[in-house]
Amino acid sequence: MATISTCTIGFPRIGSNREMKKALEAYWAGSNDAQALLQAAAGVEADAWRCQARAGIQLIALDSTLYDHALQERSATGAPAAVPGAAALPVYFAMARGAEGAPACDMSKHFDSNYHHIVPELDEQSEPRPDWSLLLDRVKRGQEAVGRERAVPMVVGPSTLLGLARGSFDRSSLLARLAPAYAQLLRQLAELGVPEVQIHEPILTMSGSEGLAADCAACYAELAAVGLPINIVVAYDDETYKWLVELPVAALSLDFLGVPGAEYGSSTAQHIAKHGFPKSKRLGAGVIDGRGIWADQGQAARLVASLRALLGEEQRIATSTSLQHVPYDLAAEEVPPAGLARPLAFAVQKLGEVVGTAAAVLGAAPGAIPALDLAAFTGAPGGAPRELPADMFRRPEPYAERRPKQVQYPPFPTTTIGSFPQTPAIRRSRLAFKKGRLSQEQYREKMAGEIGLCIGVQEALGLDVLVHGEPERSDMVEYFGLKLGGYHFTEQGWVQSYGSRYVRPPIVTGDISRSGPMTVHEYELAQGLTSKPVKGMLTGPVTILQWSFPRRDATRRQQAEQLALALRDEVADLQAAGCRVDEPALREGLPLKAGRRDEYLRWAVGAFRLATACAMPEVQVVTHLCYSDFADIMPAIEAMDADVLTIENSRSGNEMIAALAGTGYPRDVGPGVYDVHSPVVPTVGWLADRIRSFLEVGLLEGDACRIHVNPDCGLKTRRWEEVLPSLRNMVAAAHLVRAELAAADRLRPRRPTTPYKPHSGAAQRSASCAAPCCAP
Ligand SMILES: CN1c2c(nc(N)[nH]c2=O)NC[C@@H]1CNc1ccc(C(=O)N[C@@H](CCC(=O)N[C@@H](CCC(=O)N[C@@H](CCC(=O)O)C(=O)O)C(=O)O)C(=O)O)cc1
Ligand SMILES: N[C@@H](CCS)C(=O)O
Ligand SMILES: [Zn+2]
């Protein structure tokens with residue numbers, strides 16, 4: 001007798017109408033008290049759980065968080081308790097966002113997604129003092145909402161908690177000490193009568209996790225002994241299958257899809273075909289895409305049918321990852337994304353796909369469900385790859401020759417990463433423009449005023465390299481999606497990036513094309529107001545792609561190449577307009593498996609070079625990386641051939657710049673000196689210490705003229721009241737350390753500081769750029 005069941009492994013935490021975001025921000029602004037926040041959170045989670053029950057999901061993961069799920073499991077590890085009630089909220093948010101005298105905990109990219117988790121703080125000294133009351137309360141609320149037999153607790157697993165922690169320490173012994181804490185949780189859950197517990201262990205997808213096999217086996221044997229069925233959930237890629245299936249647990253939920261794009265497909269199905277799946281376990285088949293938005297129940301049904309032949313009747317249909325990576329509900333779109341010939345599925349629709357797939361397989365008619373029609377994407381798949389000439393990837397002169405021709409700086413030149421506060425007034429203007437209450441002309445004038453304000457502020461603060469402030473960009477990726485052909489966008493397609501911050505990833509539906517300049521007007525406006533250099537501001541091709549929903553009929557490489565060609569034309573137009581400093585951002589979608597990284601890095605770095613190589617030697621290409629560890633991809637960073645690298649640095653304690661210094665990285669570096677995700681204003685003394693520490697780690701052998709001083713990332717999430725004193729202190733700190741170096745006679749600029757002269761040359765445009773850029 002076939003038993004195909006259905007389950008979820010996570011759901012959007014924002015609420016169908018962004019209730020969670022609004023409640024959090026009202027609480028932080030002081031217009032809401034703790035009770036109101038907790039009440040709003042309870043409403044959001046209950047709505048989400050009931051929505052899953054209504055869709056017919058049998059086992060509902062009790063996902064819910066005030067800020068981040070990795071942060072809320074800390075109470076089991078001996079770290080300060082996380083939110084046992086209203087009184088502890090300030091501690092919880094201090095950990096997440098910082099508070100006076102207490103810097104925020106480190107934040108990091110969650111695997112290869114655009115979600116950011118708070119990094120667990122664990123080391124040898126950590127003494128688990130388990131307090132699971134929060135999670136247990138959540139389970140009780142879940143049982144009330146959807147019934148005992150459907151409410152399934154989910155918890156970040158001990159290996160993952162340890163794997164996400166930074167630093168090198170004896171993880172093996174701490175895992176052994178964490179096991180009893182988790183065993184205690186399982187006993188308490190069993191008392192509540194839950195059907196099973198989901199233990200999320202995404203760390204087991206990572207290369208190198210084979211080394212965890214013995215420790216994991218011991219830990220899970222101890223947990224299994226409690227007697228509560230355990231479902232280990234491993235998402236984001238295929239997994240270290242051979243030893244994972246041996247773990248003594250009742251069920252394994254695996255990701256059958258892997259990264260979105262045409263590379264679609266993990267090796268999970270092949271692993272099962274090759275090695276089999278133990279009869280004693282239940283498989284959670286993650287066949288509905290948890291992080292793509294194309295509806296494709298047909299593919300899922302066929303996958304499950306093929307598994308059934310291998311596995312027999314006992315299966316469970318699930319999503320490949322938590323649905324937190326897709327928007328809540330397509331029905332919220334007043335106008336469904338226009339021109340989309342293919343059906344879309346957001347989280348609510350994906351619940352229907354899970355249930356529908358189970359029904360189709362039971363009905364033995366999986367073939368009857370049509371798969372996503374790839375032929376309906378516009379354009380030939382990617383219009384590429386065609387062989388592009390090698391010189392399109394090479395700047396005319398190598399770094400060592402071109403750097404002296406570029407703008408020269410004083411020691412510790414000060415700058416910012418691009419965005420300035422996105423104020424309510426800016427957002428109101430944009431909304432008025434969208435609703436037709438402001439004309440295009442009026443909207444542009446408003447934005448011009450904001451740009452003028454940003455330039456005036458930066459001049460007054462004494463910054464050395466300026467930016468226009470990005471007021472016209474709702475989001476650094478969505479903005480380009482709106483300007484480029486081949487993209488569609490949503491009105492309500494919010495996806496959590498971190499805490500209360502959300503993005504609307506644009507959707508690639510066809511070949512990407514640029515119909516005209518996208519950023520030149522704003523650059524010209526800004527540069528026209530100052531004699532200091534203004535950076536042109538582009539988002540890099542890989543970043544745009546990683547933070548979009550890619551099409552399914554072309555590889556990510558093909559899509560990145562199209563984006564790179566569009567950005568290349570923009571670089572050409574920016575430099576023709578006189579721009580001498582340019583900033584595309586690259587963000588890795590580095591595969592979790594080491595064996596796939598080289599190939600990825602080849603095309604990702606290639607896309608960056610393709611976008612920027614048309615820049616004349618005099619143009620300084622700045623790139624920016626935030627919230628990612630890149631110690632293990634240093635050669636790729638070097639191969640990007642940028643002139644300046646700005647990086648998020650302040651929360652991770654110089655780890656990255658120490659790595660850069662260690663490899664003798666020769667180019668200009670701008671290590672972040674303060675955390676932009678915290679409302680705390682850093683003091684001059686603290687900032688000066690940060691700057692001095694760059695010399696201590698031996699960065700650029702102490703050549704201060706090439707060590708730029710900037711915040712970790714853009715300032716769009718901050719208020720002017722925070723930005724003004726923070727930047728004032730940052731500039732003062734740079735000047736202080738500059739003066740100290742001068743007094744100690746340690747200022748030996750290798751070349752004279754040259755004043756900045758914006759370039760005025762249309763003639764040079766045709767000489768250096770037109771040919772390669774316009775005839776790709
Ligand atoms: C740099 N980062 C980014 C990442 N990914 C991106 N796609 N973009 C990024 O910048 N990843 C890593 C990091 C950190 N991440 C973020 C992510 C998100 C924000 C952020 O500030 N998000 C805003 C939403 C921004 C936005 O698009 N706003 C719209 C307004 C939309 C809206 O709410 N409209 C209302 C009315 C307007 C109003 O009254 O406010 C409506 O329509 O009803 C806009 O500006 O037009 C957020 O608030 O979450 C920052 C860093
Ligand atoms: N220029 C962007 C980069 C963020 S990663 C900004 O400043 O917001
Ligand atoms: Zn950044």
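Cβ atoms are placed via backbone N, Cα and C, with glycine included.
Cβ neighbour count for Asn114 (5-methyltetrahydropteroyltri-L-glutamate binding site): 22 (other Cβ atoms within 10 Å of its Cβ, all protein chains included). Mapped onto three states, the DSSP output places Asn114 (5-methyltetrahydropteroyltri-L-glutamate binding site) in coil. Residues annotated as 5-methyltetrahydropteroyltri-L-glutamate binding site in TrEMBL: Lys21, Asn114, Trp547.
Less than 8 angstroms from the CB of Ser419 (L-homocysteine binding site) sit Val467, Gly469, Glu470, Arg473, Met476, Gly714, Leu715, Lys716, each of them six or more residues away in the same chain. The L-homocysteine binding site annotation in TrEMBL covers Ile417, Gly418, Ser419, Asp582.
Packing around His624 (Zn(2+) binding site) is summarised by its Cβ count: 27 other Cβ atoms lie within 10 angstroms of its Cβ, all protein chains included. DSSP assigns His624 (Zn(2+) binding site) to a strand in the three-state reduction. What TrEMBL lists as Zn(2+) binding site is His624, Cys626, Glu648, Cys713.
Residues or ranges marked as active site, proton donor in TrEMBL: His677. Listed in sequence order, Arg97, Gly98, Ala104, Met107, Tyr498, Gly499, Asp712, Cys713, Thr717 are the same-chain residues at least 6 apart in sequence whose CB falls under 8 Å from the CB of His677 (active site, proton donor). In the three-state DSSP assignment, the secondary structure recorded for His677 (active site, proton donor) is coil.
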Looking only at the binding-site residues Ile417, Gly418, His624, Cys626, Glu648, Asn114 (5-methyltetrahydropteroyltri-L-glutamate binding site) has its closest CA neighbour at Cys626
Of the binding-site residues Lys21, Trp547, His624, Cys626, Glu648, the one whose Cα sits nearest to the Cα of Gly418 (L-homocysteine binding site) is His624
For ligand 2, the recorded positions of Lys21, Asn114, Cys626, His677 whose CB is under 6 Å from one of its atoms are Cys626
Candidates Cys626, His677, Cys713 (recorded positions) with CB under 6 Å from ligand 3, in sequence order, are Cys626, Cys713
If you count the other CB atoms within 10 A of the CB of Trp547 (5-methyltetrahydropteroyltri-L-glutamate binding site), including all protein chains displayed, you should get 23
Rounded Cα distance, in Å, between His624 (Zn(2+) binding site) and Ile417 (L-homocysteine binding site) is 8
As a whole number of Å, the Cα atom of Lys21 (5-methyltetrahydropteroyltri-L-glutamate binding site) is distant from the Cα atom of Cys626 (Zn(2+) binding site) by 23
Cβ contacts within 10 Å for Glu648 (Zn(2+) binding site), all chains included, total 24
Checking the recorded positions Asn114, Ile417, Gly418, Ser419, His624, His677 against ligand 1, those whose Cβ falls under 6 Å of one of its atoms come out as Asn114
